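Under the heading Mg(2+) 4 binding site, TrEMBL lists A:ASP38, A:THR52, A:ASP83. Annotation comment: TrEMBL describes A:ASP38, A:ASP83, A:ASP236 as Mg(2+) 3 binding site. The annotation Mg(2+) 1 binding site is assigned in TrEMBL to A:THR53, A:ASP54, A:ASP133. Annotated Mg(2+) 2 binding site per TrEMBL: A:ASP54, A:ASP83, in sequence order. The substrate binding site feature in TrEMBL is assigned to A:ASP61, A:GLU271, A:TRP316. Look at TrEMBL and you will find A:GLY132, A:ASP133, A:ARG158, A:SER238 tagged as ATP binding site. The Mg(2+) 5 binding site annotation in TrEMBL covers A:ASP239. What TrEMBL lists as domain 'PurM-like N-terminal' is A:36-149. The region 'Disordered' annotation in TrEMBL covers A:305-327.
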There are 2 protein chains.
Amino acid sequence: MPGDDGETVGGSSERAVLARILGALRGSSRALVGPGDDAAVLAAPDGRVVVTTDTLVHGPDFRLAWSSGRDLGFKAAAVNLADIAAMGARPTALFVALAAPEATRLRFLEDLATGLREACDELAPVCAVEGGDLTVSDTLTVAVTAVGVLDGREPVLRSGARPGDVVAVAGALGQAARGLAVLFDRFRDDLGEPVPVDLAALSPDERAALTAQLRPSPPIALGPVAADAGATALMDVSDGLVLDATRMAEASGVTIALENPGDPLALSGGEDHALLATFPAGVPLPEGFRPAGVVVPRGAHSVTVGGTPPVGRGGWDPYQDWDAHRG
Amino acid sequence: MPGDDGETVGGSSERAVLARILGALRGSSRALVGPGDDAAVLAAPDGRVVVTTDTLVHGPDFRLAWSSGRDLGFKAAAVNLADIAAMGARPTALFVALAAPEATRLRFLEDLATGLREACDELAPVCAVEGGDLTVSDTLTVAVTAVGVLDGREPVLRSGARPGDVVAVAGALGQAARGLAVLFDRFRDDLGEPVPVDLAALSPDERAALTAQLRPSPPIALGPVAADAGATALMDVSDGLVLDATRMAEASGVTIALENPGDPLALSGGEDHALLATFPAGVPLPEGFRPAGVVVPRGAHSVTVGGTPPVGRGGWDPYQDWDAHRG
């Protein structure tokens, strides 16, 4: 293919692979000591850092027939940035442990690094990739660790919801699951294997859902905004609203009474990385948040939807749902 | 098997898997906010943190026939703790991204968590696992991110070696490679596949080498000690003394003239995670360090051994050496 040099991980030295990746990241580091030494040194001006890690694995989490290197890098960053935001913190650095098959092209890894950088630029402008690790594996795996700072705020935990609080959500719900359904329904061959997406075959709504699935843009900046507005609890909706609200309700010892959004996928669909927050009654919701229910004293169920218990588990469990989603 | 419940990742909910792992880690957290929320919050008293990530992949980095879950957890922690020490820092937290096949037993993951904890307890007593992530993968992968603090010290980079400095090493060199050779030479079947180790068949020296390979104990506490003693450069010897000394020499713009240790594996063997340091001439070497050469002005070669250029690449490159080490 013209312009594609076709070099692979297996045919290159570690130094050559690193040079391609670092080239795509060049100039983005803002650390006290950036990539290239045994470890990076990051500033933590208020004496604390927030740290989280989340991994994307080829098969359960993405398919190369559907995700470009740039999409994959973007998503790997976004899902981690969302967990930092969900503490009320501001992301400052990513560390990327990349395990790639020998046949992986250097061009693909360069695109992946570009996607990581694009996600930082768009969602968390001070954040950059400040370190990483490369290994050979039969299974392409992108494990990202994100670091953030609180700028003097207290972290907002999932355990702080109190009866009387208003429940609010920022970001789309159900879109990522809708995008996954488009992929499974429309872009698999007769054997169930993924085939490349034909964007021209999709409606604008389907394209938007696909973007939410392949290249999600969680409302990262709204994490600190929620904290500043007095959020009592805050978390990332990664496994579906009902399941994650259940976790918040159990951590807080309350029941979360959700309004019925009318769309089943908005209750059960995973991978949205919206923010779920609770605010004291009477506090004006920050721009970007919309009401989604109320916190009530602990009742028979952790979560109710439109006044009744939710049907089924109502969310995504990677260990139990994986077979059903296998291509 | 009596006492082995036989439960697997694929047959369990995420909550059940997490409960087993968190059970093995219980009581060890020392973070401001430990495991269980979207992210952990760590103290960074002097306003800086040191962060590194390193991954072990089944196949290139370990074989389950040779490594127990405890060994694997211990090694995954140790190699990351060494990178923190190599900045002159003190490790405070580990984050573990674990990708495991469905057939993995919960018991194995519990053992792995125990191994991570044992490594912290033995090598870096204030450090603990403060977060992680679980995913399903065809390839067992343990990606660890370690965080440390500098306690007011300046980080010691690999770029600070100056002509006239003394080169010193702490920790064994060549032992881990000797252990790998024992495994490859003695514990494979006729098809080259790994078979379990029979310790009774080994001499005490072979057993020590095997421990260095499977459950390494790098001199973590000596990283801050070297920094306090005035080390000008410091790094982890993970890919063999000659290759890592070359990296230090190139980063510092000098030539490192190593004494000839007499043992080729001490020059080329990887995975020792010894510390390589340079100190100003006349500074007494801290206990645990031994002289290994001198820094001289940049000459024709980055590194010399006993006055002559080293033979071959002299170290381990995971992308180029993997085929040769395939079982």
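Using N, Cα and C of the backbone, Cβ positions are placed for all residues, glycine too.
Curation plays no part in TrEMBL annotations; they are all automatic predictions.
The structure, with features from TrEMBL marked on it.
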residue: A:ASP38; record: Mg(2+) 4 binding site; Cβ contacts under 8 Å, 6 or more apart: none
residue: A:THR52; record: Mg(2+) 4 binding site; Cβ contacts under 8 Å, 6 or more apart: A:ASN80, A:ASP83, A:ILE84, A:THR145, A:ALA146
residue: A:THR53; record: Mg(2+) 1 binding site; Cβ contacts under 8 Å, 6 or more apart: A:ASN80, A:ALA143, A:VAL144, A:THR145, A:ALA146
residue: A:ASP54; record: Mg(2+) 1 binding site; Cβ contacts under 8 Å, 6 or more apart: A:ALA76, A:VAL79, A:ASN80, A:ASP83, A:ALA143, A:VAL144, A:ALA146
residue: A:ASP61; record: substrate binding site; Cβ contacts under 8 Å, 6 or more apart: A:THR55
residue: A:GLY132; record: ATP binding site; Cβ contacts under 8 Å, 6 or more apart: A:ILE21, A:PRO35, A:PHE95, A:VAL96, A:ALA97, A:LEU98
residue: A:ASP236; record: Mg(2+) 3 binding site; Cβ contacts under 8 Å, 6 or more apart: A:ALA82, A:ASP83, A:ALA85, A:ALA86, A:PRO218, A:ASP244, A:HIS273, A:ALA274, A:LEU275, A:LEU276
residue: A:SER238; record: ATP binding site; Cβ contacts under 8 Å, 6 or more apart: A:VAL79, A:ALA82, A:ASP244, A:GLY270, A:GLU271, A:ASP272, A:HIS273
Cβ atoms near A:ASP83 (Mg(2+) 4 binding site) (within 10 Å, other residues, all chains): 29
Whole-number mean of pLDDT values that fall within the domain 'PurM-like N-terminal' (A:36-149): 97
Rounded inter-Cα distance in Å - A:ASP239 (Mg(2+) 5 binding site), A:ASP133 (Mg(2+) 1 binding site): 28
C-alpha spacing of A:ARG158 (ATP binding site) relative to A:ASP133 (Mg(2+) 1 binding site), in angstrom: 31
Surrounding CB atoms that lie within 10 Å of the CB of A:GLU271 (substrate binding site), all protein chains: 20
Counts by DSSP class (helix H/G/I, strand E/B, coil) across the domain 'PurM-like N-terminal' (A:36-149): 35 helix, 47 strand, 32 coil
Secondary structure of A:ASP236 (Mg(2+) 3 binding site) (DSSP, helix/strand/coil): strand
